[in-house]
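Everything below concerns the one structure shown next.
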């Protein structure tokens, strides 16, 4: 039986670049798990990507995964842009190197292990799970600020 896991992810950055954190609320049925971490010198986009990566890395077996993020950057990157980047040797349409390609490549490999769908949620709009992911990301950032 294929399990459905919800990953609510968020990233935070104090300064951009600066101290940053990532947070994940994982939900499978009635089970929940919280993950968070951070880095001393990073960007908000790197933390958004890292949140999804860490959530996927924590899954022990193949799952149906619904990723709920407030990051259009992450959602658009995985649903639209990544195909062209890979085709163009990790260059943008303007022939520039893709920013954060190390994380995009890792995320792409992890997504390939699961059946993943992407959902965008408006950040800071009272979405309970997104607010929890945001709190976790801020806890991760606080370790370095």
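Counting begins at 1 with the first residue displayed.
Every residue gets a Cβ built from N, Cα and C, even glycine.
What Swiss-Prot records for 1-142 is domain 'RNase H type-1'. Sequence annotations record features per position, and here Swiss-Prot assigns Mg(2+) 2 binding site to 10, 134. As annotated by Swiss-Prot, Mg(2+) 1 binding site applies to 10, 48, 70.
Other than 10, 48, 70, the residues of this chain whose Cβ falls within 8 Å of the Cβ centroid of the Mg(2+) 1 site are, in sequence order, 9, 11, 47, 51, 69, 71, 74, 123, 130, 133, 134, 137. Local packing around the Cβ, expressed as the count of other Cβ atoms within 10 angstroms, is greatest for 48 among the binding-site residues 48, 134.
Secondary structure of the domain 'RNase H type-1' (1-142) per DSSP, as helix, strand and coil residue counts: 56 helix, 48 strand, 38 coil.
In the shown protein chains, 21 other C-beta atoms lie within 10 A of the C-beta of residue 70 (Mg(2+) 1 binding site). Mean per-residue pLDDT, taken over the domain 'RNase H type-1' (1-142), amounts to 96.
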